[in-house]
């Protein structure tokens, strides 16, 4: 029986049907783990924390950071435990005063209508949540019962205050507002005013504005110091420009934030080939500001890996003037178009400006036009001579 390898050429094997046989085969490089996800979550797992008690020193923040199921479970258990604890206290008071045996006890009980632990538990719930059915009440017979009544009311108010505060903070957290702050899926590198620039687009879907909005950008990459120390997450700040100078932005409409790649930029030696080979590079973008309606500071984050940066492309315009006002077409928010861009690093472009001149000359000529071929006039099938008219 003939083997499959002998009758089927290698370029038509199933494993290579989607490949080009003329190109060499490369081993797929494992993609670098993100430090910040596209949605802004930090991809960090904390392990082997020895001092767990530090979380209990800030109980309120710990409760707010917990999941909803855990938070509601803790408050439910807090109410049940407090009711059971004070029910035991009320039962002990009634037992010590002899109120559990009405025939043999005192004439005036400490708490009326308590004859068992069940009735003591019901009275504990009535006291703490101020239901007030009226069937059970504390009398003047036992000063200790009056003191326990005051303590249970204070404990109930404290639990209610903490619960309401946690629920309010969890529903009004800053990251809820950040859900409507959007970034472009890809970043681009193209020429702007003769310089290579790293650009991205940011927008706000809500009509309520972000006050004092600022934007920051950092490059995170793995580096090695001259002494041989390996820094897995080396963070370098890079300046952003938005047309008005500084990091402050007026985010009333989508903006294109750009960073000029100059000699002080960590992207100065970045080449187009580095983007295709998944270079160990991540650019983190942080947008921060104050919510106009609530006054809470919010922060939106995203990141771009090397393969999410498009070289030689530019964002399409999405803001147009219609009927006396500006309209934004968010369906084109992340759309880009190709533009002439030198395939070299910013360092090479600064050292050899002729690359830019050649690119400008090529773009000035424009695309090749189809050569017009003159069309020969067709000869008439018959002609009229002057002699035939005479």
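Glycine is no exception: its Cβ is also placed from the backbone N, Cα and C atoms.
Feature annotations, reproduced from Swiss-Prot:
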BINDING   48, 50, 330  ATP binding site
BINDING   130  K(+) 1 binding site
BINDING   133  K(+) 2 binding site
DISULFID  110-142  disulfide bond
INTRAMEM  117-133  intramembrane segment
MOD_RES   341  phosphothreonine
TOPO_DOM  1-65  topological domain 'Cytoplasmic'
TOPO_DOM  93-116  topological domain 'Extracellular'
TOPO_DOM  134-142  topological domain 'Extracellular'
TOPO_DOM  172-390  topological domain 'Cytoplasmic'
TRANSMEM  66-92  transmembrane segment
TRANSMEM  143-171  transmembrane segment
Inset, instruction - List only the single closest residue to residue 48 (ATP binding site), chosen from the recorded positions 110, 130, 133, 341 by CA-CA distance. - result: 130
Legend entry - Cα-Cα distance linking the residue listed as 'phosphothreonine' and residue 330 (ATP binding site), given in Å to the nearest integer: 26
Legend entry - Three-state composition of the topological domain 'Extracellular' (134-142), taking helix and strand from DSSP: 0 helix, 1 strand, 8 coil
Inset, instruction - Give me the Cα-Cα distance between residue 130 (K(+) 1 binding site) and residue 341 (phosphothreonine), rounded to a whole Å. - result: 74
Legend entry - Listed disulfide-bonded residues (110, 142), ranked by Cβ neighbours within 10 Å, top entry: 110
Legend entry - Inter-residue C-alpha distance, residue 110 (disulfide bond) and the residue listed as 'K(+) 2 binding site' (nearest angstrom): 18
Inset, instruction - Report the member of 48, 130, 341 (the recorded positions) whose C-beta atom has the most other C-beta atoms within 10 angstroms. - result: 341
Inset, instruction - Pull out the recorded positions from the set 50, 133, 341 whose C-alpha sits within 10 Å of the C-alpha of residue 142 (disulfide bond). - result: none
Inset, instruction - For residue 50 (ATP binding site) and residue 133 (K(+) 2 binding site), determine the Cα separation and express it in whole Å. - result: 50
Inset, instruction - Sort out the residues at least 6 away from either end of the transmembrane segment (143-171), same chain, that have Cβ-Cβ distances under 8 Å to it, and list them. - result: 60, 63-64, 68, 71, 75, 78-79, 82, 86, 89-90, 93, 110-111, 124, 127-129
Legend entry - Whole-number Å value for how far the residue listed as 'phosphothreonine' lies from residue 133 (K(+) 2 binding site) (Cα to Cα): 80
Legend entry - Tertiary contacts of the topological domain 'Extracellular' (134-142) (same chain, 6+ residues out, Cβ under 8 Å): 93, 97, 106, 108-114, 119, 122-123, 126, 149
